[in-house]
């Protein structure tokens, strides 16, 4: 879908969630990027924003409050965003298992590029490379229908994370697939394939990994 303004993506998700609840559409996958944006989850942890609101315009970023889980995070160019709009009830999946599937999707994608990632420790959702977070998760579930999802750092400007306490965890860093791969091993074109969401049902390589996992769940249900 390319780069979509954050508020526009929220409007689209709300429409799709409503349509999914009434079975007007089947499970749908949104693959996109956002312009420079900070978002806060429903816990409203404003103290994890380290610069005053007046400075946001100067750095070219926006701040939005959401109803998803999780803490503050950053979205920007060269970060792969995946928003699955799916019925957990139909595939017999609970919220915790759903989050684990999102984590596994990012872990397997990282492994394709030689990066060993893993799920966080207790209380730390998302995906990590050592002490550095490479993928964040924040979901909303309404009547069994999911929205929001995951953000996987391909090659974003990591300096923007310095203005926040990413995900509310102060003693750990943030990384990207580009930073973790050996220089010269991964061409820009290969990384761009991850960001190439050709339509709402097929979100490039990252979307393909998710589709594989969701199909496996359906086969078991």
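Glycine residues also receive a Cβ, built from the backbone N, Cα and C atoms like all the rest.
Quick look at what TrEMBL annotates:
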- 23-203: domain 'BPL/LPL catalytic' (DOMAIN)
- 68, 69, 70, 71, 72, 73, 74, 75, 136, 137, 138, 149, 150, 151: substrate binding site (BINDING)
- 133: site 'Lowers pKa of active site Cys' (SITE)
- 167: active site, acyl-thioester intermediate (ACT_SITE)
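Spatially, by CA atoms, the recorded positions 68, 70, 150, 167 include one closest to residue 133 (site 'Lowers pKa of active site Cys'), and that is 167. The record assigns 68, 69, 70, 71, 72, 73, 74, 75, 136, 137, 138, 149, 150, 151 to the substrate binding site, and the maximum Cα to Cα distance across that set is 16 Å. Reported as a whole number, the C-alpha separation between residue 136 (substrate binding site) and residue 167 (active site, acyl-thioester intermediate) equals 8 Å. The CA atom of residue 68 (substrate binding site) is located 12 Å away from the CA atom of the residue listed as 'active site, acyl-thioester intermediate'. In the predicted structure, the domain 'BPL/LPL catalytic' (23-203) carries a mean pLDDT of 87. For residue 70 (substrate binding site) paired with residue 167 (active site, acyl-thioester intermediate), the C-alpha to C-alpha distance reads 7 Å. The recorded positions 68, 133 differ in how many other CB atoms lie within 10 Å of their CB, and the one with the most is 133. For residue 136 (substrate binding site), other Cβ atoms within 10 Å of its Cβ number 25.
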